[in-house]
Amino acid sequence: MPFTVATWNINSVRLRMPIVERLLKEHAPDVLCLQETKVPDELFPEKAFRKAGYEHILFHGQKGYHGVATVARRPIELVEKRRFCEIDDSRHLSVRVQAGGKSVLVHNFYVPAGGDEPDPEINRKFRHKLDFVQEMNGVPASADESSASILVGDLNIAPQEHDVWSHKQLLNVVSHTPVETTNFEAMRKAGGWVDLMRLNVPAEQKLYTWWSYRAKDWEASNRGRRLDHVWSSANLLPDFTGYEILQAARGWQKPSDHVPVMAKFDLD
DNA sequence: ATGGTCGGCCCCCGA
C-alpha cells in the first residue's frame, strides 16, 4: 500500500463537502490538505470527515476568509500554526505523520493571492504576497535519515513558462510575474525543496491545477494555471512513485476552481 | 471582446 498525500483548495469546505466526500471515497488519500476552508474552527464539519473514515483532523481557520485544514486516516500530530508577516491570517498548518518507518512533516500552505495590480508600491496585497514568499525561506525541507518533509498547498504562483496557458499574455498578471516566479523558485531551491509535479515531466508540457470560474467553458478554453504544488525533501525521492492532477474534479457538481493534486510514495 | 463568476456575509470584499 502506498502512502498518498493530496492537496486541494476547496473554496469553502462547508459548501464543498459533497465533492470532498467524493474525493475521499474515490481516491482515499492518506492525508488531505485543504485550503480556503472559509470556516471558523468551531464550525468545521468534523463529523462528516469522521464518517468518511478521516478521524484525525486538524484545522487553522477563521471567519469568512482563508483557512487551512489537514485530515488523515492515520494519526497526525500538530506541529505548528505559523503566523506570517505579523498578520493573523490562517494560512499555514504543519503536522507530523508516520509513514514507512519515517517521520514525515507535512506543511499545508495558502499563500496570499496578491490582488490584481502587480506593483507592491500601489498594491498592499501584492506587497504582502512578496513578503509572505520571502518569509517562506524560514521553512526549509528539514530531513535526516529518519525524517522527511512534504510541502503542499495553494501557493498562488505558476513558476514555469508552461505552468500557464500563455506565458507572454500572463507576464504582467499576478501569479506569473517575473518578480513572483523568480523569488518563488529561489525560495524553493534555497529551502532544499523538490518540485515533485515537474520532476519527471518535460518542461514544455502544460500543467494546470486551476481554471477560472469566469470562463464560459473552462474545459474548451483551457486557460489554466499551475497554482497548487507538491514539494518534498530530497530524501523522499527514492520513495516517490508519481502523482495525479485530478482534473475531472473541475467538472464535478458545484466545483472549486482548483482541482486536487495527489502524490504517491512507496511508504506504508 | 479589457469582460467574465464565485463564496461569505452585511450591502461589498477577496479570489
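Think of each number as a place in line: the chain as shown, counted from 1.
The backbone N, Cα and C atoms fix where each Cβ goes, glycine too.
Automatic prediction, not curation, is the source of TrEMBL annotations.
Noted in TrEMBL for the protein shown:
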type	residues	note
DOMAIN	A:6-258	domain 'Endonuclease/exonuclease/phosphatase'
BINDING	A:ASN9, A:GLU36, A:ASP154, A:ASN156, A:ASP257, A:HIS258	Mg(2+) binding site
ACT_SITE	A:TYR110	active site
SITE	A:ASP228	site 'Important for catalytic activity'
SITE	A:HIS258	site 'Interaction with DNA substrate'
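Over all protein chains present, the Cβ of A:ASP154 (Mg(2+) binding site) has 27 other Cβ atoms lying within 10 Å.
A:ASN9 (Mg(2+) binding site) sits 8 Å from A:ASP228 (site 'Important for catalytic activity'), counting Cα to Cα. Around A:ASP257 (Mg(2+) binding site), the same-chain residues six or more apart in sequence whose CB sits under 8 Å from its CB are A:ASN9, A:ASN11, A:TRP210, A:TRP211, A:SER212, A:TYR213, A:ARG250, listed in sequence order.
Within 10 Å of A:TYR110 (active site), counting C-alpha to C-alpha distances, fall the following of the binding-site residues A:GLU36, A:ASP154, A:ASN156, A:HIS258: A:GLU36, A:ASP154, A:ASN156. A 10 Å cutoff on Cβ-Cβ distances gives A:HIS258 (Mg(2+) binding site) a total of 23 other Cβ atoms nearby, all chains included.
If you measure from the Cα atom of A:ASN156 (Mg(2+) binding site) to that of A:ASP228 (site 'Important for catalytic activity'), you get 7 Å.
Reported as a whole number, the C-alpha separation between A:ASP228 (site 'Important for catalytic activity') and A:GLU36 (Mg(2+) binding site) equals 12 Å. In this view, A:ASN156 (Mg(2+) binding site) is surrounded by 25 other Cβ atoms within 10 Å of its Cβ, with every protein chain counted. DSSP gives A:HIS258 (Mg(2+) binding site) a strand state.
A:ASN9 (Mg(2+) binding site) falls within a strand segment according to DSSP.
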